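The structure appears below as structure tokens.
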Amino acid sequence: WEFNGSFYQPSAFLMMGIPGLEALHPWISIPFCALYLSALLGNCVILFIIRRTPSLHEPMYYFLCMLALTDLGLALCTLPTTLGLFWFGVRRIGFDACLTQMYFIHILSFIESSVLLAMAFDRFMAISHPLRHPAILTRSTVLKIGLAIVLRGVLSLLPIPFLLKRLTYCGRTELSHSFCFHPDIMNLACADIKVNVFYGMIVLLSTVGTDFVFIVLSYILIIRTVVSLTTREECLKALNTCVSHICAVLVFFIPMIGLSMIHRFGKNVPPLVNTLVAYTYLIIPPALNPVIYSIKSTHIREALLRALCRKRG
């Protein structure tokens, strides 16, 4: 402990695996390894295929590259502490290291939310205004959108580590997960955390909450456009281009909203439920998104098959 008058700050926190199943952690690590391997390999393959295939150099696939990079970052943020805990029983994480991990986890989560919004806008433009789509979403515009997304996440979350460092912690050092999460750290403090709670809610609602609302509005406008199409085949073709994105949105937002609700209002929720929702939120989307897009996107699937055939040849 670091002592300075009445100010206490732990030198480290203790991470928690899956409560009640500590003896099974080596076996539980097997599906986690499979998910991390899927996330790392799948997203690297997506990036490689898009980079090597000129026909995929379009706004939709540029945004998919951003999503893949974000998913890679999320997987790499939680992999060392999660597998370190399951394999070697390493529970201790330094205070500053924990704040750093927390900062990057939240930044990447916010970036993923914003990228999903950009992808929804791309689908809206492609379906509702197909003639204007190439002129509006040029390569430079997509790059500017990407930079704006990153700056938005970095700047909006910049005060969070400093707000946590100013708090006094009094004895409890056990986190609820095998990674560091803002509400989890905040609830270990014995000081007034109203500023942290208020700022966290404001940032969450003004970023992820706003993104979700605009994604829903985008799909309302897309459905209006699709309904006006003359033939059933055109309707199905237009909607089919959105299936992968809809799946990615659901896989990301449902666990995120659930985890936020549990941390703020679920005081009586069993720890096992809290843990499973947290792992679903941070590990499942990076592992599933490459699979979803590889299965549903004909262009990516064909490019992947061509690449495999060239290697075999």
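In case you wondered, yes, glycine gets a Cβ from its N, Cα and C as well.
TrEMBL annotations:
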{"type": "TRANSMEM", "residues": "24-49", "note": "transmembrane segment"}
{"type": "DOMAIN", "residues": "42-293", "note": "domain 'G-protein coupled receptors family 1 profile'"}
{"type": "TRANSMEM", "residues": "61-90", "note": "transmembrane segment"}
{"type": "TRANSMEM", "residues": "102-121", "note": "transmembrane segment"}
{"type": "TRANSMEM", "residues": "142-164", "note": "transmembrane segment"}
{"type": "TRANSMEM", "residues": "197-222", "note": "transmembrane segment"}
{"type": "TRANSMEM", "residues": "243-264", "note": "transmembrane segment"}
{"type": "TRANSMEM", "residues": "276-295", "note": "transmembrane segment"}
Comparing 61-90, 102-121, 197-222, 276-295 for Cβ pairs under 8 Å with the transmembrane segment (243-264), the winner is 276-295
Across the domain 'G-protein coupled receptors family 1 profile' (42-293), the model's average pLDDT, rounded to a whole number, is 91
